[in-house]
Amino acid sequence: MNTRTDRLHLLGALAYATGGLGLGIYMAASHDHSQAVAHAHLMLVGFLLSFAYAVIGRLWLGPRPALLSGLQLAGHHLGVFGLIGGLLLLYGGAAPSDRLEPVLASASILVLASLVLMSAMVVHAGRANRAAPAAELVIE
C-alpha cells in the first residue's frame, strides 16, 4: 500500500475544502458571486475528487508502484492549482481569457490524465486481486 499518497490526497482535499468554503463565505458576505465557477471547481475537482482518490487508494488499491502513485498525485494537484488559479484570474478580471486559455486547457488535461491513471491503477488492482488466491476463512 502507498499510504503516503493516500494521506497527501486527503490533506489536499481538506485544504481545498477549507479554501472553497472560505471563498463561498466571502462571496455570500460580499454579495459578489463572480467567483462561483472557481468555487465550484475548487469544491468538486479539488475537494471531492482528491477525497475520492484518498478513499480509493486506501480501500481498493493495495500495493502499487510509488512512481505511478506519485505521478497521479502530482498531476492531479498541479492540474487543480492551474485550474483554480486560472479561473480565479479569469473571473476576477485580472487577465484576459486568451492569455488564460492555454493554462486552463493544460490544467484540465493534467486533471484528466490523472483520472485516467487512477482508473488504470484501479483496473490493474482488480485484476491482481482476482489472480491472487483467496485467503481461507478460519473460524475458531
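Here the Cβ of each residue, glycine as well, is placed from N, Cα and C on the backbone.
What you are looking at is a predicted structure, and each value in this text was computed from that prediction instead of being measured.
Taken from TrEMBL, the feature transmembrane segment covers 7-29 (among others). Within its own chain, the transmembrane segment (7-29) is flanked in space by residues 35-36, 38-39, 42-43, 46-48, 50-51, 53-54, 57, 73, 76-77, 80, which lie at least six positions past its ends and keep a Cβ under 8 Å from the stretch.
Taken from TrEMBL, the feature transmembrane segment covers 41-61 (among others).
For the transmembrane segment (73-91), the residues of the chain that approach it from at least six positions outside its boundaries are 5, 8-9, 12, 16, 34-38, 41-42, 45-46, 49-50, 53, 97, 100, 103-104, 106-115, 117-118, judged by C-beta separation under 8 angstroms. According to TrEMBL, the feature transmembrane segment maps to 73-91 (among others).
According to TrEMBL, the feature transmembrane segment maps to 103-123 (among others). Distant neighbours of the transmembrane segment (103-123): 45, 49, 53, 56, 60-61, 64, 68-69, 71-73, 75-76, 78-83, 85-87, 90; these residues of the same chain sit at least 6 beyond its ends, with a Cβ under 8 Å from one of its Cβ atoms.
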